[in-house]
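Here TrEMBL flags 63-331 as domain 'ABC transmembrane type-1'. The feature domain 'ABC transporter' is assigned by TrEMBL to 364-600. Under the heading transmembrane segment, TrEMBL lists 16-35, 84-105, 163-182, 188-206, 270-290, 302-326.
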Amino acid sequence: MRELSVLNKYFWKYRYRFLLGILFVISSNYFAIIVPEITGYIGLKIQSILPNANKKSIHLDKISSDYFVKRFINWMEALSIGKVITYSCLAIIVASLIRGVLMFCMRQTLIVMSRHIEYDQKNEVYDQYQKLDAEFYKSHTTGDLMNRMAEDVSRVRSYTGPAIMYLTNIVALVGFSVYNMLKKDVHLTLMVLLPLPILGVTIYIVNSIINKKSERVQALLSDLTTNAQESYSGIRVIKSFVQESAMLHFFRDKGEQYRKNAISLAQTDAIYFPSMTLMIGLSTLTTIYMGSKMAIDDGSKVALIVEFVIYINMLTFPVSSIGWVASMMQRAAASQKRLNEFLKIEPTIKSESGSAKADLQGDIRIKNVSFTYPHTGIKAISNLSLDIKKGEKVLVIGKTGSGKTSMTQLLMRFFDPDEGSIEMDGVDIRKLELNSLREQMSYVPQDVFLFSDTIFNNINFGLRAPADIETVRLAAKRASIDNEILELEKGYDTLTGERGVTLSGGQKQRISIARAFIKQPHVVLFDDCLSAVDNKTEHEILEGMKTYLHNKTAIIITHRIFTTIDFDQIIVIDAGKIVEHGTHNDLLNQQGYYTYLYQKQILEQKK
Ligand SMILES: Nc1ncnc2c1ncn2[C@@H]1O[C@H](COP(=O)(O)OP(=O)(O)OP(=O)(O)O)[C@@H](O)[C@H]1O
């Protein structure tokens, strides 16, 4: 439960709403207590007019200890029995109505407060996701990440809202009722309250079993959904490999497990309400049995029994909810523990304190850099050094898996090198403020990603202030995609991603190039961004790129050699090392991998 104490900052933030809510809970229970008190009074009044009745006047303190109730009863004492009953019924109706309004207000304050806290907490979790680095994302699955946002936060909300509300309600109602009952008859009170703790414990046990079972059912359901989702996404692969019936068997097995667990949960659920009703029945029975025995000895106790039956009925639901609230709090504590652990994680890549804002001009120096991916132990870069002057264009070539992308990841500071350093304009990039460093580079990653948004917004994505349509179109023209966008029914307002139109791989790649072209930084990194376009389009983009790259330092990774752009340096990487380095002519003279690739390309073009 200690874990939940971190939420105190939110209770403090919403303290007025919180306190008001608690006040509503307490006052709603004050009005609840009026009902049995007045009912008891009616009983006494009726008893007093029966033949052989005890004609003693009614002792007000025995009916209620409340000032207002006492005054009301005092006022009625002078009235006829008919009027007493009418006014008492009216008082019960008014008290119940006021209680209803107060209960509405209690939900409006406490439950609404919990929704505010849920909103704040989701933002806190999302903010942490944004801060965490690539290393964290490699070691966590998307399902796990989504669970924290959805499941854990919502379980914590059941503590900040319903659990707090019911707990205060239990304390207030039990407090008021038991105080009144004890004042009226200690012996009877103890006897009738006896089954209630047993009820609370039983409900707690049954509830814990239900929670465990429903967690299992939930896990199986999410497994089932993931399977179904994967088979929809991979339907073409399934069909082409004729795996429909194998998939069906697989799905059925999972479904069977889900079915068995869901049935077992339904069986336990079925015990829940009967066990609650049984306990409530037992309490009422004890009240009537004990009360009747007392009434045989003392006829004036009949009204008291009626009053106690109302108390017991009022108490059973709150007392039975103790178990439910306790298990809700346990689950919330477990979820908050997970959230606390996650919120404590410090990103390994972050701005050093006092780091300077980057103002990149374009000089890059990679000095004896080595890098091994921490979670796999793969050494991707090995003692690599490279000097790039402001405005130079560098072509990076290498076999697949040779370390080209890893080099750009180090330049963008998605990871830090294990050895050596990277300097921009003579400053180690670890000493530059991280966001300003990334903001001043244009990067087209190898894996294209478009958001479920309009094409216009996707191109504008990296800009602080969105550019106008003319600027967006210019970027798209340079990426050779403008005409194709205009041909779409909604043009630049077309939605892409899961909810939108299906664009071809090449179209997506060019939109992502346009996203980089719209930025005007001094350093640009293009990672194999022309792999999905044909030769003609490639040529058009390279022409657009030539103008764009003017005065910019550019590192372009590719598997094809471009001669449209005059590269100042060309490097060939193999196993994380530079194995060939020079200009186009230098490398042709070296007769290495570059020459082999170039000649192969020329032969292909001649075919
Ligand atoms: N995120 C990662 N985590 C662990 N290992 C990685 C990661 N990314 C790449 N690697 C490994 O590092 C090595 C270099 O990969 P990298 O992606 O840099 O090569 P590349 O030259 O860009 O390849 P390609 O041309 O196929 O894109 C490979 O052995 C790869 O398996």
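Heads up, the Cβ atoms here are built off N, Cα and C, so glycines get one too.
Predicted automatically and left uncurated, TrEMBL annotations should be read as such.
Model, not experiment: these values are computed from the prediction.
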Would you say the transmembrane segment (163-182) and the transmembrane segment (16-35) are touching, if the rule is that at least three C-beta pairs must lie under 8 angstroms and be 6 or more residues apart?
yes
Tell me, roughly as an integer, the mean pLDDT over the domain 'ABC transporter' (364-600).
90
Take the transmembrane segment (302-326) and find every residue of the same chain, 6 or more past its ends, with a Cβ under 8 Å from one of its Cβ atoms.
32, 35-37, 39-44, 46-47, 162-163, 166-167, 169-170, 173-174, 177, 180-181, 184-185, 188-189, 192-193, 196-197, 199-207, 276, 279-280, 283-284, 287-288, 291-292, 294-295
What residues in the same chain, six or more past the boundaries of the transmembrane segment (163-182), come closer than 8 Å to it by Cβ-Cβ distance?
21-22, 25-26, 28-30, 32-33, 36-37, 64-65, 106-107, 110-111, 114, 188-189, 192-193, 308, 311, 314-315, 318-319, 321-322, 324-325, 328-329, 332
